[in-house]
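Asks: I am attaching a structure below and will ask some questions about it afterwards.
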Amino acid sequence: MPGRMVRSCVQTALKAVNSVVGLAGIAVILYALWMLRAWYREVAQLDQHLPVPWFTYAFLGLGIFLCLLTCSGHIAAETANGHCLSCYMIIVFVLIILEGAITVDVFLNTNWEEDFPPDPSGKFDEFKVFVRSNFEICEWVGLSVVAAQVLSIILGMVLRTLGPDRETDYDSDDDTTVPARLPLLRNQSQHGPDYAEPNTSRRSDSWKLRILDNVNN
């Protein structure tokens, strides 16, 4: 019983931490859709064929990936399956490494903007201006997401160590075997200790009749 309570608490905590990543993914998707809407308005006004805005589609793909990762994390937390938890933790770990590599490149490389292709929509430059003007808020948001990802790995390791809930399987097995034994118990209780089989009573009656016939003769 205590193990089941600990497992339930770890599963709830993993789902809550994983939801932070899901909320970040939803926010990224909404921002990408807003950029796409503004981009298609500009294209319609200019009536020209312009290159694809890679930054907008990259943002949209990142948001979808975070939402799918959140769904897989919820499934892994609910089932507590070792393989699902291992795959989930590996994907989150790789994502943290990529985020760290990009962050190090931005802070240490002065020409980091040259590593990205030019964005025809100009949304990439607008995003840089927004981050620089609201650097403290963006820093706290980024740290919160990374902390949620690290906690999800730790909780996933704990849940994988605990394993799935096997007590419910044993309970279900007991529930199926007990009713099969009930008819035997009921027959014994109904018959009682003085119960005799019909065949034995018939044999005793025939034996008594033979003794009476011999006496009369």
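Just so you know, glycine gets a Cβ as well, placed from its N, Cα and C.
Note that the coordinates shown come from a computational prediction; the quantities given were computed from them, not determined experimentally.
Heads up, here are the entries from TrEMBL:
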- 12-34: transmembrane segment (TRANSMEM)
- 54-76: transmembrane segment (TRANSMEM)
- 88-108: transmembrane segment (TRANSMEM)
- 140-159: transmembrane segment (TRANSMEM)
Asks: Which one of these stretches, 12-34, 54-76, 140-159, has the most C-beta pairs shorter than 8 Å to the transmembrane segment (88-108)?
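Replies: Of the candidates 12-34, 54-76, 140-159, 140-159 scores highest.
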Asks: Counting only residues 6+ away from its ends, which parts of the chain sit with a Cβ under 8 Å from the transmembrane segment (12-34)?
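Replies: Sequence-distant neighbours of the transmembrane segment (12-34): 56-57, 59-60, 62-67, 69-71, 73-74, 77-78, 141, 144-145, 148-149, 151-152, 155-156, 159.
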